[in-house]
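Over in Swiss-Prot, the protein carries these features:
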- Ser54, Thr55, Arg56, Thr57, Gln81, Arg105, His132, Pro133, Cys134, Gln135, Cys261, Leu262, Arg289: carbamoyl phosphate binding site (BINDING)
- Asn163, Asp221, Ser225, Met226: L-ornithine binding site (BINDING)
Amino acid sequence: MTSVRHYLQFSDLSPDEYHHLFERSRVLKRRQSAGELHRPLVGKVMSMVFEKNSTRTRVSFEAGMAQLGGHAMFLDTKSSQIGRGEPIEDTARVLSRMSDIIMIRTFEQGLVQRLAAHSRVPVINGLTNEYHPCQVLADIFTYVERHGSIKGKTVAWVGDGNNVCRTWLQAAAVLGFKLKVASPLGYELQTLDGRHYGSDVLEMTRDPARAVHGADIVTTDVFTSMGFEAEQAARREAFEGYQVTAELMKQAKPEALFMHCLPAHRGEEVAAEVIDGPQSVVWDEAENRMHVQKALIEYLLLGHRED
């Protein structure tokens, strides 16, 4: 019996598998744009478990499953027994008998790992406080479709060393690029996988200009992520000087791309003239969530495809 593959963090797949996913995403995006039908998942069902609200995650997975010929079911804490304390292990046992694949967006990475450990079908991490692999998968594809391989490039992260930043670090190690992180004291990137990352993979600084200098990608996120609202005032003060401005973008390469996972707060972590400017690819990132997730779902359920 073939073992079930899950996608719980970026390091779960190999460079060759990512190369396949990027090429497959390109094909699926082109087909969708041309109006071609590609429905290899007719009769397949995805259960989507949400403990954290979302716009892009829900819409991209629902639309993606529909385009592949399958169906996606939405479950949240109000409409399921999860909100009443049912163990996630029991939820996994039930959902994996009625679904072909599960996506979960929640708070704790440990919850996702427990779900996967008791599931008969693939589990995809739609977001946790620790990692956001589907977002970074889409971000890197957005770079790849414009400039080719990201290997040997430099990505600058300005702001909170959060789940997206932590996922960028895993991606740097897997795909061979460098991540430069600028964060204020107390909000630095904390690795959780026990790995030591050399200077060829990770550089940390307090200075945004140093991080952005010579970068191919400049990216950031909100200062206060979901679940940390009580810290909003303290965070706003701590992150003063960490806004991505047009002046800061001048430190990057002229062809550098600006990325943001959204939702964005103009005038806080990014200036309006940057996110709405010519170097910004945030809307392409959002769309590409759907395309890369389609490729990922197809790969986890059907394996390597060339059709």
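Quick reminder: no glycine exception, Cβ is built from N, Cα and C everywhere.
This view paints the features noted in Swiss-Prot onto the structure.
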{"residue": "Ser54", "record": "carbamoyl phosphate binding site", "DSSP (3 states)": "coil"}
{"residue": "Gln81", "record": "carbamoyl phosphate binding site", "DSSP (3 states)": "helix"}
{"residue": "Cys134", "record": "carbamoyl phosphate binding site", "DSSP (3 states)": "helix"}
{"residue": "Asn163", "record": "L-ornithine binding site", "DSSP (3 states)": "helix"}
{"residue": "Asp221", "record": "L-ornithine binding site", "DSSP (3 states)": "coil"}
{"residue": "Met226", "record": "L-ornithine binding site", "DSSP (3 states)": "coil"}
{"residue": "Cys261", "record": "carbamoyl phosphate binding site", "DSSP (3 states)": "coil"}
{"residue": "Arg289", "record": "carbamoyl phosphate binding site", "DSSP (3 states)": "helix"}
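Counting Cβ atoms from all protein chains shown, Arg289 (carbamoyl phosphate binding site) has 25 others lying within 10 Å of its own Cβ. Each residue in Asn129, His132, Asp160, Asn162, Val164, Val222, Gly227, Phe228 lies on the same chain as Asn163, Asp221, Ser225, Met226 and has a C-beta within 8 Å of the C-beta centroid of that L-ornithine site, without being one of the site residues.
For Cys261 (carbamoyl phosphate binding site), the nearest neighbour among the binding-site residues Asn163, Asp221, Ser225, Met226, judged by Cα separation, is Asp221. For the binding-site residues Asn163, Asp221, Met226, a Cα-Cα cutoff of 10 angstroms around His132 (carbamoyl phosphate binding site) retains Asn163.
Looking at the residues that bind L-ornithine per the record, Asn163, Asp221, Ser225, Met226, the two CA atoms farthest apart are separated by 11 Å. Listed in sequence order, the residues of the same chain lying 6 or more apart from Met226 (L-ornithine binding site) and placing their CB within less than 8 Å of its CB are Lys52, Asn53. Neighbour counts of Cβ atoms within 10 Å were compared across the binding-site residues Arg56, His132; the minimum falls on Arg56. Rounded to a whole number, the distance between the Cα atoms of Ser225 (L-ornithine binding site) and Gln81 (carbamoyl phosphate binding site) is 26 Å. Of all the binding-site residues in the list Asn163, Asp221, Ser225, the shortest Cα-Cα distance to Ser54 (carbamoyl phosphate binding site) is found for Ser225. Comparing C-alpha positions, Cys134 (carbamoyl phosphate binding site) sits nearest to Asn163 among the binding-site residues Asn163, Asp221, Ser225. For the carbamoyl phosphate site, whose binding residues are given in the record as Ser54, Thr55, Arg56, Thr57, Gln81, Arg105, His132, Pro133, Cys134, Gln135, Cys261, Leu262, Arg289, the maximum C-alpha distance rounds to 30 Å.
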